[in-house]
Structures are given as structure tokens and as C-alpha cells.
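**Q** What TrEMBL lists as transmembrane segment is 22-40, 46-67, 79-106, 126-144, 151-173, 179-204.
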Amino acid sequence: MRTSIVHDHLVRGVISEARSDYAYYIFMTLSGVLAAIALLTDSVPLLLGAMIVAPAYPLLAAVSFSIAGGYPRTAGRALLVLFGGLALAIAAAVVTTWLCNVADILPSASNLVSKPLLEERVRTGWYSIIAAVAAGAGGTVAVIKRKQDALIGVVAAIALIPAGAAGALAAYSGDFGRAIGGFVLLAVNILVIIALGLLVLVAIRPGRTDAAESKANGSEGEWKTWKEG
């Protein structure tokens, strides 16, 4: 028997935002390109743009809400789509770096990891965990209450693409120690955000009022696509 702590309509509303169409993959690719250029030029505005462009958070939320709603296979599907988009973004970052290197726009590969902005994203510290905790908790509440303005800040805070791109660029440069650090940071961010989403849902147990708010926004067709039969 399915065990649920959130209403189906609320889960449907979240799933409807977790698109897996061509636009999702295009935006993830563009995010990888922006992240690569941002890390290689130490451009904070470009890095922020890369984080906002990436439509990754709706999928993270879909995982938390699907598990809380008693749909583990739907959560698994959301994770697969998320990882597919991340792989595409990381590949785009590597290709962008390679093209810039071949065109002599950037220094040689051995100098690519000497960028301060990149260095910050290949180390997992308490500050990154705290940021992921805040993003996971804040994002879940924002989704429940349909606070789109707050979600923009959450999207900017989760920093999945920069960590993945930093790891990929480090690997491209032959610095596998930093590469591992970047991918570990990516994994930690994903796990913490999903876990905090679940904890918030368990703690506040959003009721029918919140579900009703999401019902009008949920797409029945999208729900049928994601939901296991």
C-alpha cells in the first residue's frame, strides 16, 4: 500500500514543472557553456547566469515530493532526467573549453585550473553544505507556497552546474584531484537538497489547502507521463 505524507495534487503540481522536453536539454547545455566561460574568466555575473538558466531545481523538487508522495519510481525517473541534463551540461562545458583553447582564446590547459572562481567549486566545505541546506529547505517551502520570486534565489544558490563544470574542467586539465573535488561537491549538493526537501515535507506535512493551490497549476498529461502505472 502506498504511503504518502503529501497530497497527490501537490505532487502533480511539482511534477508538472519538472519538464523533460527539448527545452530542458537546451537550457542545460547553455548553462554548461555559460559556466565554462564564467569559470575561465572569473566572471561572477556569468556564473550567476549559468545557475539561473539551468532548470535543474524542479527535478530535485520532483524527487523529494515524489518520494514523500509514495511514488519512488517517479522519483527515479526524475533523477535520470536530472543526471542526463547534468551530463549534457558538463559535456558542453568541456567542449566550450576545448574550442576556446584551440582558438587560442584561453591559456593552455595546464593554466585552466588556476582560476580563483574555479578553485572555490572544487572543494566541499561546511559553507557549501549550509548553502545546500538553505536551498533545499527554502526551495521546498517556495514550491509549496508557489513563491516564484523566492525560487529564483534558490536556483541561484544550488550551484549544481558550476560544480560539475569545475570538476570537468579540472579533469580536462589533468588535475584529477580537483576534478574529484568538483564532482563530490556536485553530489553533496544534490543529496543535501533532496534530503532537506524531504525533511521539510515531513515536518510541515502540507495539507489540502496547499494541494489546492497547486492543483490549478498541475498538468494532468505531464503527471501521467511521469507517474508509474
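Any Cβ shown, glycine's included, is placed from N, Cα and C.
Map these features onto the structure and tell me what's around them.
**A** Here the transmembrane segment (46-67) has Cβ contacts under 8 Å with residues 6, 10-11, 14-15, 17-19, 23-24, 27-28, 30-32, 34-35, 37-39, 74-75, 78-79, 81-82, 85-86, 89, 117, 136, 139-140, 143, 151-152, 154-162, 165, 190, 193-194, 197-198, 201, 226 of the same chain, all six or more residues outside its ends.
Cβ atoms under 8 Å from those of the transmembrane segment (79-106) belong to residues 18, 20, 24-25, 28-33, 35-37, 40, 54-56, 59-60, 63, 112, 160-161, 164-165, 167-169, 172, 186, 190 of the same chain, restricted to positions at least 6 beyond its ends.
Here the transmembrane segment (126-144) has Cβ contacts under 8 Å with residues 10, 14, 17, 57, 60-61, 64-65, 150-151, 153-154, 157-159, 185, 188-189, 192-197, 199-201, 204, 206, 210, 214 of the same chain, all six or more residues outside its ends.
Packing against the transmembrane segment (151-173) from elsewhere in the chain are residues 28, 31-32, 35-36, 38-40, 47-48, 50-52, 54, 56-57, 60, 86, 89-91, 93-94, 97-98, 109-110, 112-113, 118, 121-122, 131-132, 134-135, 138-139, 142-143, 179-183, 185-186, 189-190, 193: each is 6 or more residues past its ends and has a CB under 8 Å from a CB in it.
Sequence-distant contacts of the transmembrane segment (179-204) (same chain, at least 6 residues past either end, Cβ-Cβ under 8 Å): 5-6, 57, 60-61, 63-65, 67-68, 82, 86, 121-124, 128-129, 132-133, 135-137, 139-141, 144, 158-160, 163-171.
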